Amino acid sequence: MATKYIFVTGGVTSSLGKGIISASLAKLLQARGFTVTIQKFDPYINIDPGTLNPYEHGECFVTEDGAETDLDLGHYERFLNTPTSQANNVTTGRIYNHVITREREGAYLGKTVQVIPHITDEIKRRMLLLGQTGEFDIVITEIGGCVGDIESLPFIEALRQLRWELGVHETAVIHLTLVPYLRAAGELKTKPTQHSVRTLSEAGVQPDILVCRSEHPIPAEMRKKIALFCNVKTNSVIESLDAETIYDVPLLMRKEKLDERVISKLKLPHRVEPNLDSWKEFLGRLKNPTAEVNVALVGKYVELPDAYKSIIESFVHAGSANECKVNIKWFQSENLNCDNVASLLKDMDAVLVAPGFGERGFAGKLEAIRFVRENNIPFMGICLGMQCAAVEFARNVLGLEGAASTEMFPDTQHPIIDMMEDQKQVTQMGGTMRLGAYTCELKRGSKAYSIYGKAKVTERHRHRYEFNNRYLEAFEQAGMIASGINPDTGLVEVIELQHHPWFVAAQYHPELKSTALTPHPLFVKFVKAAINYAKSK
Ligand code: GLN
């Protein structure tokens, strides 16, 4: 079967959830036996989101092959249970970079290089790339931003061209809009949808299906009206109500028959009904918890939960696995100090110290770690959180005054965390950290080993600093052991406290590999430890 292409565009406003709709549709098609992947095209000029502050764009999701990507790729992986790669996230910056580099190489043979056809050709080439691997029956392309934005125009134009080139049954366009409810008028309003479809049509793209986000059910009459004004069939006006969790959306879209509309438009073989049994089991456990815990998330971007998207979702997966409601309590690390930490964290059943960069909030993280270490409260540290755990231990247990990471304190006497050797020559910012999947060997008999149940794992990374092995012996003698090591470089990947019920910290990011149907063992066991701690109180 030749690969079919589905495009998801958005109008009216951003944040309508194109990523979740794309992932949910992909899930339904996958559950019918199709192989599906999703890619995201982002209209900004950065080559990738790696250099963006989390406040700008939320978390930066890292793929197995070490690409720094949009957080929507995290949703794709969490829903589909299949890894994405560099090819799944393309930005305007990457497109232009490629075209301009080729221009300097003389590849355009003296021609004037223009948005049409050179930029649009490059967009089309990338839109087709994953389909050409032969691995996928269906490629879903989510186009970031809103139709009508100046920066999304080349993407919409490339999509217009591609539809003609590939043929009507090879592509489907799903347009996501908003049907707002005006409380004063007591009515749902279709005009924004009409306008946004008109904008898309003016660019030469007629959508096949409309997914209408709404806070209230859209009555049949109104769907008819939208269909009439927007040139789609009434049964292709799909309602997307706010869901209790994002993991409900595949089932809601199934109810609305989004998958059937797509199958009929693309003339796909009508295979089996989607098998969503394991998905429903996951949801069943999630919604019927038998326990409840409070987990503190200590970080410096807590005002914007999107900055910790994958961690939050990992707790959802682990919560379901434990049939436990996990309440995440946010703590701005800047606000924690030795005087208030005990009273602020006293009701917590576990504490996670988050990844991050820079000095702001560093001291507060150390205070949180000292508190949980001394009080036997379950603790997990991720990346910077692990580095903080090492520094805290060095200062307060080994008595190494001023011990620090050279990221925050370049002149420290005790560089417990230091820049990796091969990072010292790096001058460019984007894409130059230690990124992506590396192997980690777990020490037999350690907590990490018992958590994973195996000796060799691969996990994803994003960092420039590492544990300084000069201090390892002193650490281990005092009860903090390196239970995970990279076999090729000797880099410390996991540290854990021997005389503590649950104190495990990783240099890598377990949250990037947790999915709905494969919750990450570290999170699963961490939540379990929180449940045990809550019971013991
Ligand atoms: N800033 C630290 C480093 O670069 C930790 C990075 C992170 O938490 N992702 O090593």
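A Cβ is built for glycine as well, from the same backbone N, Cα and C atoms used for every other residue.
Among the candidates R102, R104, R460, R464, the residue that TrEMBL names alongside Y55, G356, L384, G385, M386, Q387, E407 for the L-glutamine site is R464.
According to TrEMBL, D149, I150, E151, K189, T190, K191, P192, T193, Q194, K225 bind CTP; the candidate from S14, S15, S22, S405 that the record adds to this site is S14.
Together with S15, L16, G17, K18, G19, I20, D72, TrEMBL lists one candidate of A243, A291, A296 for binding ATP, that being A243. Among the binding-site residues listed (G17, G19, I20, G356), G356 have a CB atom closer than 6 Å to some atom of ligand 1, in sequence order. When the binding-site residues S15, L16, I20 are ranked by how far their Cα is from the Cα of Y55 (L-glutamine binding site), S15 comes first. Fewest Cβ neighbours within 10 Å among the binding-site residues I20, A243, M386: this applies to A243. Of the listed binding-site residues, namely S15, Q387, the sparsest CB environment within 10 A is found at S15. In the structure shown, the C-beta of G385 has more C-beta neighbours within 10 angstroms than that of any other entry among the binding-site residues G17, G19, G356, G385.
D72 (ATP binding site) is surrounded by 26 other CB atoms, counting those within 10 A of its CB over all protein chains shown.
Cβ neighbour density within 10 Å is lowest for R464 among the binding-site residues K18, R464. Long-range Cβ proximity for L384 (L-glutamine binding site), meaning a same-chain Cβ under 8 A and a gap of 6 or more residues, is found for V353, A354, P355, G356, F357, K365, H463.
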